[in-house]
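What TrEMBL says about this one:
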DOMAIN    1-177  domain 'SAM-dependent MTase RsmB/NOP-type'
BINDING   GLU10, ASP37, ASP55  S-adenosyl-L-methionine binding site
ACT_SITE  CYS108  active site, nucleophile
Amino acid sequence: GDTGLLVSNEINGPRSKVLSGNLERWGTRQILVTNNDPDTLAKAWPQMFDRILVDAPCSGEGMFRKDPDAIQYWHADYPAQCAERQKQILKAAVKMLAPGGTLIYSTCTFSPEEDEQIIAWLLANNAFTLTPIKQYPGMEAGRPAWADGNPELAKTVRLFPHRLRGEGHFVAKLKLAGAQASHQPSRLPLKPLAKPAKDEVDAFVATSLTKQPSGLFYRHGDFLSILPTTMIPFEHVKVVRAGLELGSFRKKRFEPSHSLATALNPDDFQTVIEVDADGYARYRHGEMLPSKVSGKRFVLLTFEHKPFAIGKLVNGTIKNY
């Protein structure tokens, strides 16, 4: 959607880049991808978020069938070690959750130490209440007896691989006490785009798009992104991706990012060219395509009327740049 902001954090560097790539293909500008430890995020963004999902690192018992390698990491003390790490992550998450906010906690393990016992710990140390989760066939209530006996723990959900198509998981939904406050737009320390960079961007828009993309320009090195008005300050965290990457500055020219193909609407491009299956395969392999369209500009390429890339049209040839 075009409202709100999704902040996604991955502490592992290479995996954070994979996460960023997946979100780019999703085609949204309402994102911020970071690569930090939870404590750093908590210091930067106290009580910032209305909803937080903690997909916790765990002992992975629920994945043994799908991923036999997960068995190699498991040992008798592993669930307890994971539980301590989960508590540290959750302490940071609680600091970032706004009053009245919702926390989703999930694992892919059967271990009560990492599931019901973690939720019992959260309830005992914070002003949380458990929210019932709609159950579908194959889903089962959590087991209060596997923790401190609190009957509220039955509002959590367990998924067993012998009950449904899938692997083993645990999910809990908690609501923090307090009233939700309306969010005010953040003041971001952004500098206006200077010449000649602005002229190069304006030239791209004038020749290839039907209108100027909405948002705030954010230049980082040779790259230019558009930030949504809902963006939060990020100067104290390590950023992998902020907003929508518009493109990059080359020698006296601006080249759009291929992420624009899915992030913008086809109506935002002056020229949309539909290619057949052969053209799609050839372009994906880096080949140039002939075109009956003349002129020199960037064009949106579609296959079966679905955008997949941006091409550089030069006098009847679509170049793969």
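Any Cβ shown, glycine's included, is placed from N, Cα and C.
Features as recorded by TrEMBL, highlighted on the structure.
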residue : record                               : DSSP (3 states)
GLU10   : S-adenosyl-L-methionine binding site : coil
ASP37   : S-adenosyl-L-methionine binding site : coil
ASP55   : S-adenosyl-L-methionine binding site : strand
CYS108  : active site, nucleophile             : coil
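Restricting the average to the domain 'SAM-dependent MTase RsmB/NOP-type' (1-177) gives a pLDDT of 95. In this structure, the CA atom of ASP55 (S-adenosyl-L-methionine binding site) is 9 Å away from the CA atom of the residue listed as 'active site, nucleophile'.
In the structure shown, across all protein chains, GLU10 is the one of the binding-site residues GLU10, ASP37, ASP55 with the greatest number of other Cβ atoms within 10 Å. For CYS108 (active site, nucleophile), the same-chain residues lying six or more positions away in sequence with a CB closer than 8 A to its CB are CYS58, GLY60, GLU61, GLY62, MET63, GLU167, GLY168, HIS169, PHE170. Same-chain residues with CB within 8 A of the center of the GLU10, ASP37, ASP55 CB atoms, the S-adenosyl-L-methionine site residues themselves not counted, are ASN9, ILE11, ASN12, PRO38, PRO57, ILE89.
Farthest C-alpha pair in the S-adenosyl-L-methionine-binding residues GLU10, ASP37, ASP55: 14 Å apart.
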